[in-house]
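K.L.:
Below are the structure tokens for one structure; questions will follow.
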Ligand code: NA
Ligand code: NA
């Protein structure tokens, strides 16, 4: 039996690392009875399209940003709230054990997909071409690209930047031509996209931890034998741990590469302020959408915030 | 198995006269059924293939082109070209080529360029003793410049299909477009010398040139608005197309005072069915291409070719020959959507830049505009000149030959396409 | 009235075209002049565009404007050519109706597991309604054109040729399309 996995990024990305490990594990655990085939680089379409295809059963697995699942399962949006996750430890805690089971139940019920594994893709760090950003004041008026995501748009607005929503293929030229001053993405993405060629400053902002689950359509999952399901879930969990190690080592290499090419990196002197604005101005706007204030508070409590 | 079904059904339906969109769609549908895949996923593809911001450049450029004709922008550009070509041997022929280059910088389509230029230049050429078939041949061939010089609809479609920057592709088309224009002007000069198409133009007159340039100021600004807007970073290609729609309306209503409600109505009407027939192919061609990818067919073809030869030169010649033949028969946008997923991986494996490949692809296919049996530019110029396709084809032969030489040059000297986009950092 | 209804796609398309062009233009003005980016404008424009494309495809069918290779078919005896074209057009009808029917499945799937569009927060179901509508219309148009041709003897026009004619008429009234080889398109 052959299973197809679709993903948006190329094979040498962190998505590729996770998917390749997942492939090895599934094939190993099933003694080669289950084969996995990878289709990187968006060959099988956009992330949204791939999610649809897993729901229908046309595609077996899709590796996608959690943000692309939230239109189907708004409650997963809790994970994308600014400063919901503030460290790697938070990200791991939120995606293993009882919390992982909770998200999976939501995804199965609302989106029709089963979550097999989580890829830890690190914080989205802010880059720009104008000035070093070390405090909230430095951010004022900067034109920052955000994906089509209401929460990120509202967050930058609350902080006093000018967020502009722009589709991904246009970002590089947009930065280069000055349509936008900056954008945010994890170190590995920033480096593989060669943003160092058009961006001079990088700031470590910890408001958005990028999580990318591997999902399988519930229909497909339910058709599998118990044994096959167990193999897939186990391979997913083991690959997840491998992905975390990969992230921790590769992100610092990517950053070193960017710095070697002239990017100045900085940390925030007043991240407390950024956090409190997010809490006061952004969270209340989205409680209703992500399943109520209570459940979000519970998540925060479970993470010890 | 899947590949056999896919290609044989596609070929059979196409041969039986089925629309291209249906041949692609039914062949894909058959593979879905044989594989036991859920067909709803095909409908999902209809949505995701079209739900794309860059694709919106296509109807916008079609509408803008039509409105620029109605606003008198095109006519003034052509007057300028005529004036600049002046009294040299074959002057009006050169004017036709130059006019196609100017008009090409505001229009994204080959046939539209031929129509706009041919309407004014062909009758003038006939009057001045060029015969009937040569004027039709040169405007049909030069009309192909409309898709090489930016903006260009084939480059938009290639950019979306290959997931490459459309701005980068537009930039890459500039030098090849000028090169093709110059080559056609040289070919025209030689032909005119040989046939004695002499000094029929009026001698240069500073005052008159100045007057034409002044009248054409707003027309000359149109490409500046479109391309300047894109390269200064003010707009994306889609937005530039939309801005040029409003530019054409503004100039047509307030400055030239030539725009009419009738013209607006017709522009809307044509944009509708033209877009519908092209972009629905985007849907079925995406399904077709997706099946190829899922069965690793492009990789297999690449391996096959590379096992025969790894000479990039030889592969280029094979690919160009293939494209010239396909371009003779099948509409250019549909062809781009069908062949890109197959050929691009091969060329990339050989180290060709996707932007460079896009330019060679579009120029090769653009030559088909002026070859029978399906040569859209030729149909238009044949109607305007009132002369048969056969007669035009004979006269077009040396011109088409010139274009083929330039395509080879473009293939073997990537810098011609890549220098400008590299300079701009694409 | 009936004539207007017969061109329903045409009118709907012109309206949608105007909408998305205006939306995109406003978006450019807002961004370039005021530095404001509104994600919902782009999204609404894109959805109008999706509707526009599929209705436009049905309209193109009505005008029998879809690109096909038929030079060689037209060389065949009239009856045979008509028969072959009727055959492939019936396949087309089957294809369209299959897609129309299957799009209902997709709509019910989207109703079961709703998708809220990222910027507007609309259910994508509304956008997907275009598929049953447009593919049904397309099947109807194919049959309508065949009916007019085979029963009423009205040959479908050639829109590309009409375009050419318009240009030529504008140039000189006596120009006929003499010698123009009729090539399928
Ligand atoms: Na052009
Ligand atoms: Na041709």
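For all residues, glycine too, the Cβ spot is worked out from N, Cα and C.
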K.L.:
Taking B:166-190, B:191-215 as the choices, which stretch does TrEMBL tie to transmembrane segment?
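P.N.:
The listed stretch tagged transmembrane segment in TrEMBL is B:166-190.
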K.L.:
Have the transmembrane segment (B:396-420) and the transmembrane segment (B:313-343) got at least three CB pairs under 8 Å, pairs 6 or more apart in sequence?
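P.N.:
Between the transmembrane segment (B:396-420) and the transmembrane segment (B:313-343), contact is present.
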K.L.:
Which residues of the same chain, at least 6 past either end of the transmembrane segment (B:224-254), have a Cβ under 8 Å from a Cβ in it?
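P.N.:
53-54, 56-57, 60-61, 63-64, 67-68, 70-73, 105-106, 108, 150-151, 156, 166-167, 170-171, 218, 263-264, 424.
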K.L.:
Excluding the flanking five residues on each side, which residues at least 6 beyond the ends of the transmembrane segment (B:355-375) place their CB within less than 8 Å of a CB in that stretch?
P.N.:
110-111, 114, 137, 140-141, 143-144, 147-148, 152, 154-155, 158-159, 162, 164-165, 168-169, 172-173, 176, 180, 316, 319-320, 323-324, 326-332, 335-336, 339-340, 343-344, 347-348, 389-390, 393, 396, 399-400, 403-404, 406-407, 410-411, 414, 417-418, 421, 426
K.L.:
Mean pLDDT, the domain 'TRAP C4-dicarboxylate transport system permease DctM subunit' (B:9-416)?
P.N.:
90
K.L.:
Check the transmembrane segment (B:137-160) against each of B:88-106, B:274-293, B:313-343 and return whichever range has the most CB pairs under 8 Å.
P.N.:
B:88-106
K.L.:
So, do the transmembrane segment (B:47-67) and the transmembrane segment (B:274-293) meet, by the test of 3 or more Cβ pairs under 8 Å (sequence gap 6 or more)?
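P.N.:
With 3 or more qualifying Cβ pairs, these stretches touch.
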